[in-house]
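Engineer: Handing you a structure now.
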Amino acid sequence: MGEQPIYSTRAHVFQIDPNTKKNWVPTSKHAVTVSYFYDSTRNVYRIISLDGSKAIINSTITPNMTFTKTSQKFGQWADSRANTVYGLGFSSENHLLKFAEKFAEFKEAARLAKEKSQEKMELTSTPSQESATGDVQAPLTPESINGTDDERATPDATPNSEPRPEPSQNALPFSHSAAINKHWEAELAALKGNNAKLTAALLESTANVKQWKQQLAAYQEEAERLHKRVTELECVSGQTNVIKSHKTELNQTIEELESTLKAKEKELEKLKEEVENANQLQAQRDSLTEKLQETETRNKDLESQLTELEKRLESSQLEQETFRRNLKSLLEILDGKIFELTELRDNLAKLIEGS
């Protein structure tokens with residue numbers, strides 16, 4: 001039957017930077033289809049993803065692989081055969097959990113398939129080993145060396161023949177002894193060859209284990225760094241909310257101060273008019289002068305407050321500009337997500353129309 005897709009989803013595909021082993025490099029400009037395939041002829045599970053005609057993921061699932069969820073919408077796994085780490089960014093946490101569930105399911109199936117294949121190999125190799133052992137350990141008897149009793153029986157002596165001495169039954173013919181020595185030498189050479197092959201395989205396995213341990217340590221270090229980065233981003237998000245609330249409070253304070261300033265300006269104009277009209281009333285003029293002095297003092301206070309508020313407003317505008325930039329980047333990310341959702345909706349609509 002060949003390979004057949006058994007589960008598919010859509011995600012953004014990333015690979016670890018081969019130079020730094022820390023940064024993620026996107027391998028697709030937009031979300032692509034990521035599928036699990038099963039090869040019934042070889043009993044193998046694979047993860048495959050295509051971006052057009054280019055294969056950006058071709059990873060065979062082995063029992064040693066582990067799919068790690070590093071955030072609510074991002075997961076990764078290491079492929080030692082491809083010498084890389086794959087990362088997938090999903091549109092929702094449910095898609096990530098479903099993919100991780102399938103990964104664990106197919107990983108267990110790969111483990112069971114590997115155990116069954118090892119059992120078959122052991123069953124097929126056991127009879128040959130037993131037969132070889134039986135051939136080597138077969139006891140040497142006088143019958144097997146010198147032949148059977150019928151073969152050892154001498155032909156009837158003719159009247160003219162002279163009597164021949166019977167050979168000793170414990171004596172080994174020279175030719176038979178040389179053949180046995182050659183047999184044992186061949187067996188010894190075969191055992192030495194097998195021993196050398198097993199030693200080489202053991203050394204190679206030890207080297208692979210060391211390499212896998214180093215890769216695992218690097219992946220764990222990368223996972224810890226990503227967790228710290230996520231924590232920092234969450235802290236930044238919390239600070240953004242605080243900045244929003246602080247900005248709202250500042251805007252309210254500025255509006256209140258502006259209204260107060262307008263009221264004071266109106267009051268000052270009124271007092272000036274009263275001073276101009278109070279030339280005939282000295283007492284009123286004195287009182288108005290005192291009020292004017294008080295107003296000027298308050299005006300100075302207000303000017304100092306206004307200067308301070310202008311400084312605060314300038315710093316607030318800088319913070320607002322920074323916030324706008326951050327908000328713009330968030331909007332760009334949101335536009336990408338909306339595009340992905342629109343693309344997903346179009347694909348679902350096409351699937352519905354096709355069905």
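The backbone N, Cα and C atoms fix where each Cβ goes, and this holds for glycine too.
Pulled the feature table from TrEMBL, pasting it below:
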COILED    181-326  coiled coil
COMPBIAS  123-134  compositional bias 'Polar residues'
COMPBIAS  157-172  compositional bias 'Polar residues'
DOMAIN    1-110  domain 'WH1'
REGION    116-172  region 'Disordered'
Engineer: Tell me, roughly as an integer, the mean pLDDT over the coiled coil (181-326).
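Structural biologist: That region's mean pLDDT is 78.
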Engineer: DSSP says what for the domain 'WH1' (1-110): how many helix, strand, coil residues?
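Structural biologist: Helix, strand and coil residues of the domain 'WH1' (1-110) number 18 helix, 54 strand, 38 coil.
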